[in-house]
Every structure is written in structure tokens, then in C-alpha cells.
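Colleague: According to TrEMBL, the protein carries these features:
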TRANSMEM  34-57  transmembrane segment
DOMAIN    48-291  domain 'G-protein coupled receptors family 1 profile'
TRANSMEM  69-89  transmembrane segment
TRANSMEM  109-128  transmembrane segment
TRANSMEM  149-169  transmembrane segment
TRANSMEM  189-210  transmembrane segment
TRANSMEM  235-253  transmembrane segment
TRANSMEM  273-291  transmembrane segment
Amino acid sequence: MLLFNDTLGMNVSKTTSSSAGDQFDLPLSHGASIVAINFLLSITGTFGNFLIIFAILTTPQLRQRPSNFLLLSLAVTDLLVTTVAQPLLASNVFLKTRGNPCARGVDMAFMMSATFSAGCSINHLAVISIDRALATVKPLEHHNILKHWYKVMLSVCWGSVAIAVIVYFSVKFTKAENIAARTLSILTAVYITIDFLIMIGSYAIIIYRIKFPKIQPKIRSSSSTAHERAMEKRVSGTIAILIFLFAVTWFPYTGYRISNPDTSAHCSFDLTLLWIRTLFLANSSMNFIVYSSRIRQFRTAYLRIITRMLQPFRNIAGKCFSASSEQQNTTQITVVPSSINTTSLSNEMQEMSEIKSNVKQHSN
């Protein structure tokens, strides 16, 4: 168990909570676990989010649906989490277990990347929920509506979080630390509450329309449209699972910020906060698993992409196998004549001995 002195050159000492946390015990077992989990989730999530991106971009059936561009943008935000935020969190915790009380550069980079990318991920889930509700309420007009509005929706997802991040860091660099911590708590509570209310409202509409569908003869007369409707329901169920995972992974962090509004988020040694951060960042590593298990088109695209990725290794393995086979055949060809020569020589020697014995008999 390592004992660390929180000797930051920041204004952390101004807060009442940090004065009690100037020294903090960070168990080595917890630190090693957090580092290992974050690196493992980072590798898995990066691979999975790349699969989602390439699946949509290289599959015409997926690329033709404007809704999938929302999923594509969500995968990009999750990729920022898995390639930047999670490795930075693991590195930060690793440095603490090595006796470094706070690596300010690493901690600041983590806060910027995690706040921006994770906030964008939440906004995307809210916008995707609106898309699913729109597909349920207006199935015939849904494609055209989203085709004209999905760029605006994506701009809101990215732009609103960028503004919030700028506001927070402006307060942090110009005001006291406790004011910056309170600002972060307020922004976190406001964003998560608004997005979650949008999700709940959208799925309330979806459930209502599924339970009490309107009679639409035109839709029922077309088998292809009926298939599309079934696909829309399945996609809606998939997004519902994603929202459930979001609630499980994000609500602990929201509760922590609300219950500790004045606690600084920078260079924190709070073991509870470190595990909560690991939990909400893990959400970005799970989405591709849900897509794979629920949507057949994504599974097919994943298999095609993985097959292409493994093709060079298969070619190398095939060349190595063929080379070893040719070497074995060459060895067998060179051995056979030698065995034949040995046999013929033995036969000739036997004949010579017989001739010599006959000559001796005649001489006698």
C-alpha cells in the first residue's frame, strides 16, 4: 500500500474536501486493477469501434440509411474515448502507483478528452433516441426527414459539448478551484438530465406506438415495407439496450458529482472516483458488442472485414506450408534412388559370391 502526498501546485487546498485528502492511500492492488482494466477495454473498444466505422463505410446497405450515420458518429466519439481517454486514465493511475502524486499534463489531457468525448457520446444517444421515435411515428417520411436533418443533429451533438468544455476550462483557469468544480458538477447534472429525459420520452413514444399501432393499410400491403418496419423495431430495441448500459455506467458518476459538488476533478486520489471513471468510460467499449449481437447486417460486415484483415496472414501461412511440402517431396525423391542403388549392389555382390563358390567346386 502506497502513501501519497497531494502536493499540487493548484488551488486544490482551497476546497474543504481536498484539505482532508492531502494524503491518500492508494492500494497497489486497486491501482493495478484499474490500469489493467482500462488498457484491456481500450484495446477491445478500439478494435470494435473501428469495425463499426468500416462496416458502415464499406457496406452499401448500411451506408444508404441516414440513421447509420448517427451510429457512425457515435462510434467516432467512442473511439476517442478508447484511444485517448482510457489510456490516459490508466497512465495517470500508473504514475500515482509509482509515487508520482500528480502528472499535471496527463491529468489535464485526460480531463479534456474524457469530458469532450464522453459528453458527445451522451448527446449521440439522445439524438439516436429521437431518430428511433421518428422512425416509429412517421415511418414513411422518416428517411427523407433524417436525410435533410442528420447533419444538423450531429452539429448539435458535437457543438454543444464543445461549448460546455470551453466554459468549464475558462472558469477553471480564471476562477477558484471550488468554483470550477461546482461548474463541472452543474454542467454534468444538466447535460445528463436533459439527455436522459429525451431518451425516456422518445422510448415512451416508441412503446406507446408498438402497444397501440395505428391501422396503416399502405404499409401492410407491402412486404418489403413490413420487413423494414421489423428491422426498425429491432434497431430500436438495440438502442434501448445501449441506453440501459449508459444509465448503468453513467449514473454513478452523476451521483458522485451531485453529492460532491465542490470536489476537484483534477489530480484526485479518491479511489471511488477512479473506479467510477473506469465504469463510465467502459460504456464506449460495449456498443459494438450490442450491434454484433442484435443486428445481422453488422455481424455480416464484421466477418467480411475480419476475413480481409486475416487474408495476408493466411497467404503467408499458405506459402510456408507449401514450401515445407515441397521440401519434404524433394527429400523423398533424393532418398529413393539411393535405396535402389544399395539393393542392386547387394544383389550383384550375392551373384559374385555364388560364381566364386561354383568355380571352387569345379576346381575341386
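Along the chain as shown, residues are numbered 1 onward.
Keep in mind that glycine also has a Cβ here, set from the backbone N, Cα and C atoms.
Just so you know, TrEMBL annotations never went through curation; they're auto-generated.
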Colleague: Does the transmembrane segment (273-291) reach the transmembrane segment (69-89) with at least 3 CB pairs under 8 A, where each pair is 6 or more residues apart?
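Modeller: They are in contact.
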Colleague: Under an 8 Å Cβ to Cβ limit, what residues of the same chain, 6 or more beyond the ends of the transmembrane segment (69-89), are close to it?
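Modeller: Counting only partners 6 or more residues beyond its ends, the transmembrane segment (69-89) has Cβ contacts under 8 Å with 34, 38-39, 41-42, 44-46, 49-50, 52-53, 56-57, 106, 109-110, 113-114, 116-118, 120-121, 124-125, 127-128, 131, 150, 153-154, 157-158, 274, 277-278, 281, 284-285, 287-288, 291.
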Colleague: Could you pull the average pLDDT for the domain 'G-protein coupled receptors family 1 profile' (48-291)?
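Modeller: It averages 83.
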Colleague: Mind checking which residues of the chain, 6+ beyond the ends of the transmembrane segment (34-57), have their Cβ under 8 Å from one of its Cβ atoms?
Modeller: 63, 68-69, 71-72, 75-76, 78-79, 81-83, 86-87, 89-90, 93-94, 97, 274-275, 278, 281-282, 284-289, 291, 298, 301-302, 305-306
